[in-house]
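Chemist: This structure is in structure tokens; I'll ask about it shortly.
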């Protein structure tokens, strides 16, 4: 077993779980705002008013009997995603990318019959994937058509971008690429590759998979060190606007880039994970403290993004709080 | 947003911990509840034996019994007397044990047993009414002799105590006082002394005491002299004039005239046997608690059934402390936050190895059956319900098979909380489908590890002793858990998780 000394971690400014929970989530995230992010249906409604776009909604399954309509609605769709509204950590999300005769093809390439998908909807309604097992609602969304220059890095599924937003300032970002290990999902703990992104430019920094450094994508074999995200400032601004929409001081914003519609919000997370620090190769703490020590916070999302881009850019070197 | 001050919080936690320790110390001092298990305290077991011959009519025997002898506390009292009605009567400030029977003939033996605990703090309370010296009448020539003796004693003394000492000295046969020989005759010495002191204006009386020596039988009471000095009764050895009650002296009778009254019998005698016993200090504290105001704060007065329930319940905070430590400081992942504590509680009842085998086999069989259930395409609630029934079948099956094979330990399976096990199986099974067998193994073994740690702590005799007998110590546990809730340092597991960061240092 390899160990790193706590002093070294402190020097790197690594945020740990206890500190994140006590000093950031508990202090900056109001409990009453949680339902906004824990329920994807509510998230959609609230961010729309702030000009944040989301993937097209095909169907909301609230009752068991509504499952019978599911077959007709997805009949003509090339691809769609089934999500539990209150799911967490990517649990219960099934992505269907196409059809083959009567069967549906999942992102992983596995073929399933419609009855399997209907059972999945039943499970979602019963609350199998929701926090605390309460009854839930299933959302059926149209599949995001990833822009080709990004999609080629991802083995299956859509690469998404996680941006940690602290008091409206985007402080750290990473690109998450699905792998065979992650079954087409972009969750790091399920085996997706995390690529740290420079806040200043949107260019890739480092990459990790399963908490270990990676230089090539394990499935596609493409190098991960020269990725560049287009419309970077627009994405940061979108993430920043979610702060006004929800009031959550410390959150993770998950975005995707659609080939036709541009950046779309996938979901918000009130308890973003810590692995983003490893993908970036630097700790969150100095940046969080920098924002905390601001005497005059910026009021518009655009100003905040400009400040973050100039302050947290990788070329600035090691940032001191 | 500014950081709220943590000082009130830490003050509160400190207060909790200090209060817990202070109350525990107070309990230890006042009730004598020992800190450790197995501490022993001496106790004197004294048995009074009454013998008399019945006259063929109804009989009543009445024995004076001590109420609050100086230097001792009474722990238990009991009478052994088949066929007799027995009660303890209190009248005019004295306690008497009374045996009654309708028809008594032939030699009778009655026993009265009491346990006394040496206790230096035990003092006599003041009499309600000030004792007054009796008026004594003397005939000549004693009157002159008494007056002369008293005058001499008074000359050489200043207080009732010194007067008594002087008088005793003058009354000794070897003192060269003529009048002594005139007054003292065989057998009346002590009553004479009492009469003379009363005559001199000092309230005086006799008392009977027992010399405590281990394993003595057929002991008789030794008479002592007591005078009232205006504040309390003082005890004197009537032969030597020595004042006070030695440590090994138990005043059996004081303040009442007769030791033993028997109506309807003759030839009555009383003798004493005694034995020095050692009693666990805890048992002593438990027995005394009922008579002590502090006992209200403990569990000893509850019915035994509730007591044993609390014994288990009070172990839970320790388990919670272990879980909090393991999750916050060490960073072990468990499936279900407090599932490990519930499993540990079950282990306490089954003991570790049989419990572990039973638990693992139930969960393993349950996982297999759950695999079949998942292919049935059921709603969640009915799937869990079906799983609960299956878990009960499994435990019943294991118990019966275990019993038939001669392992009584198989029966212990029933201690596991069925619903919790069913949920555990369900979670594990979903975890398996979604994250793979590795995560099941990590969380499963994490839960088991925490459960075993919690079990080891909870099953320690000292833990059970302290949590049950010093319930206030839970304030300390609460304080520690609150403190841990403020821990913002790195978890041990994070020191491993973040090792790749070495490259960027």
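Each Cβ is built from the backbone N, Cα and C atoms, and glycine gets one as well.
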Chemist: Between the candidate ranges B:407-425, B:426-444, where does TrEMBL place the transmembrane segment annotation?
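Modeler: Here TrEMBL associates transmembrane segment with the stretch B:407-425.
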Chemist: Out of B:312-332, B:338-368, B:380-401, B:473-492, what stretch is closest in contact terms to the transmembrane segment (B:446-467), meaning most Cβ pairs under 8 angstroms?
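Modeler: The stretch with the most close Cβ contacts to the transmembrane segment (B:446-467) is B:338-368.
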Chemist: What else in the chain is close to the transmembrane segment (B:380-401), if you only count residues 6 or more beyond its ends and a Cβ gap under 8 Å?
Modeler: 358, 361-362, 365-366, 369-370, 373-374, 410-411, 413-414, 416, 418-419, 421-423, 425-426
Chemist: Which sequence-distant residues neighbour the transmembrane segment (B:473-492)? Criterion: at least 6 residues beyond either end, Cβ under 8 Å.
Modeler: 6, 9, 12-14, 16-17, 19-21, 23-24, 314, 317-318, 320-321, 324-325, 328-331, 466-467, 498
